[in-house]
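Written below as structure tokens is the structure these notes are about.
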Amino acid sequence: MIRERAYPVEPWHIRETQLDMDVLAQSESVFALSNGHVGLRGNLDEGEPHGLPGTYLNSFYELRPLPYAEAGFGFPESGQTIVNVTNGKLIRLLVDDEPLDVRYGELLAHERILDLRAGTLHRTLHWRSPAGREVRVHSTRLVSFRQRSVAAIRYEVEVADDKPLRLIVQSELVANETLPPQSRDPRVAAVLESPLLAEEELTTEDGGLLIHRTKVSGLRVAAAMEHEVDSPAHTSIESEGYEDWVRTTVGCVLEPGQKLRVVKYLTYGWSSRRSLPALRDQVGAALAAARLDGWDGLVREQREYLDEFWDAADVDVDGDPEVQQAVRFGLFHVLQAGARAERRPISAKGLTGPGYDGHAFWDTEMFVLPVLTYTHPAAVRDALYWRYSTLEQAHERARTLNLEGAAFPWRTIQGPESSGYWPAGTAAFHIAAGIADAVRRYVLVSGDRQLEREIGLTLLVETARLWRSLGHHDRNGQFHIDGVTGPDEYTAVKNDNIYTNLMAQRNLLAAAEVVMRYRDEAFHLGVTDEEAAAWRDAAAGMHVPYDEEIDVHQQVEGFTRLQEWDFAHTPQDKYPLLLHYPYFDLYRKQVVKQADLVLAMHWRGDAFTPEQKLRNFLYYERRTVRDSSLSACTQAVLAAEVGYHELAHSYLREAALMDLHDLNENTRDGVHMASLAGAWIALVAGFGGLRDHDGVPSFAPRLSSRIGRLSFSLQWCGMRLRVDVRPHQTTYALHHAEPDAVLELRHYGEPVRVTCAEPVTVPVPPPSEDLPPPEQPPGRAPLLRLPEHLS
Ligand code: BGC
């Protein structure tokens, strides 16, 4: 775990004040820079020591076998895995005759700062070599938001003692770096070891390029670099290259206090179709563009991009500075994952690490996109186009499964199902409804009718078709979706998962509605009036299992009569349960990995009464172990809605601090994008009470006792709504709108009209009292309660 105070609490920075080798891999994820196209882990400039080297390009993957001991029909045979591409971050330094390596000599000072407003990673170190020579190094790294294939590093070395010093800087591109083993299966490991075949290497005096391709997926990648050198002394510069590496070497002798400065421009391009010369030219052109801006220009553009983002997306939290820092950190990583993904996936770890093989899951549509929809909708538009681009494969998958419409993959990079475990893969059909809901929300919030017509209609229709063919009406007309897995992966292949059913219901109704708006286009998709009527019938008959005896909803049919999990005899070191208990046992008992029915009560809150929500929340809270990082934020949202604001605050902290404190002890593989997005969700949907069920933004704000004020901005049809919540009142203000624009919203169910003329302030009703105390399974209370000085 990253120690409690590893990163001092500051509103706009993640600062690491000393280098802790034990958490190097975790910090590489935390300090990863990306723009959604290129991702650089926060590896040290000199490459070593490292936890996990990593450089990724969105959708640059290799195919690997998915081996089964006992295969079955429809099991995917190969999976996609993100590849660690050519490393262009490397800058090694020879100090007199010794390489700078923090494991040797003396590290007198070391600091790294991720600057959330500047979009840069800054590093300062003061090192004494074993021979006693001292240097100070300042490096600043960025992955450009404006120029998607460009990264740049400014590396500055200063002589920090009193004698002249010879310095040699070696800046490199290295392909096929040796990585720690990623898979225990030798068949898989073999494919991922040295995954790149050399195609071309080229050097100029001050840089060079490498072109490689993958062995099986046939993708080609080009990486190029160029340097600008600034030094007061005579400086030599030369480059050499081989199959898997290119090196530019800069040498000089400096006097005490003098500085050598090297700016490295780095560009990447990849393609499955473009020829080698075309790719070579592409990275060359990107280098020219980067040099045209120069280092200062790139830094300025980065800042401008982020100023615009924060202007629209920032959340202000008074009363919990750790959450303030963490929610900005989370938003920054969410932006990094999606900003320039441009019709490629936003994966569960973004481009910060190799976790989950670089796959995108439902995390994208149900956790990341809701945040981006309200803060940076352009990225959502792209992400939906990416899903749409995988439609053919989803059709094919549906055909294989004897279903109609589109069966989108549970996990994938470029479209095919890459899950080798069908009960928590293929059976998790709910991803289809998540995609449909993301379309619905994006169109509602952005007003983008062009997307609705071009792809939204098709996505809604094809997912509705899936539901209609997956479910069936019983003899009483009730519609059931049997044998599926909901979000809770400890309850698999069951009938009538409420989350799935209610989300499918909304999907079916949205499809039936949208085909009325685009009759011609729907006709081309073969939709008839009968088909749309069948969707409505299925939605109307949707079964929602309820236990009348104890008055709670059943997460799946029969859930409440299953045997209880023996929590009292489950030692704490047996969590996460999936690593210590067989699935067959988890599946047949009342134990919940992650919010499922509780998630349904968030996104389909319109299908439950307030009393049901409270009873359900208490029932499932006692059975939810949170073995997934996708749970805490939802528990925060519902805890806040039913009246447990202090508990909501603790869950908010867990979601927000997941990576800054490495709570699940796997941040090394990449940050938890859904949980980071969840920090925003917990604040805005939890304490702000934002819902968008019925086409207007509605709020029910109420803060925990520690938060004195919460304010956030939301985009709504091109306008910007600023919501300022205080303990007893909320102010709604409209910005960036035409002078006569009006935004109709709801505050605790009451209509409120907001215009540009003046903000509207309304009271927050007092909280309900006398709620029964909520309980979690023993030892499974939220991980991060408020620190002493705050509670
Ligand atoms: C969760 C899934 C999630 C996946 C990727 C799993 O542990 O149970 O809901 O999609 O992680 O984040």
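Note that Cβ sites are derived from N, Cα and C of the backbone, with glycine treated the same way.
TrEMBL does not curate its annotations; it predicts them automatically.
Database features, via TrEMBL:
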| type | residues | note |
| --- | --- | --- |
| DOMAIN | 15-271 | domain 'Glycoside hydrolase family 65 N-terminal' |
| DOMAIN | 328-680 | domain 'Glycoside hydrolase family 65 central catalytic' |
| BINDING | Trp362, Asp363, Lys593, Gln594 | substrate binding site |
| ACT_SITE | Glu489 | active site, proton donor |
| DOMAIN | 690-754 | domain 'Glycoside hydrolase family 65 C-terminal' |
| REGION | 760-791 | region 'Disordered' |
| COMPBIAS | 762-780 | compositional bias 'Pro residues' |
Cα distance (Å, whole number) from Glu489 (active site, proton donor) to Trp362 (substrate binding site): 13
Mean of the pLDDT scores, which run from 0 to 100, over the domain 'Glycoside hydrolase family 65 central catalytic' (328-680): 98
Cβ contacts of the residue listed as 'active site, proton donor' (under 8 Å, same chain, 6 or more positions away): Ala424, Ala428, Leu578, Lys593, Gln594, Ser628
Intrachain C-beta neighbours of Asp363 (substrate binding site), sequence separation six or more, cut-off 8 angstroms: Ala348, Leu630, Met673, Ala674
Number of helical, extended and coil residues in the compositional bias 'Pro residues' (762-780), per DSSP: 0 helix, 2 strand, 17 coil
Number of other Cβ atoms within 10 Å of the Cβ of Gln594 (substrate binding site) across all protein chains: 22
8 Å Cβ shell about Trp362, Asp363, Lys593, Gln594 centroid, substrate site members excluded: Phe361, Pro487, Glu489, Ser628, Leu630, Ser631, Ala674
Local Cβ density at Trp362 (substrate binding site) - other Cβ atoms counted within 10 Å: 22
The domain 'Glycoside hydrolase family 65 C-terminal' (690-754): DSSP-derived helix, strand, coil residue counts: 0 helix, 36 strand, 29 coil
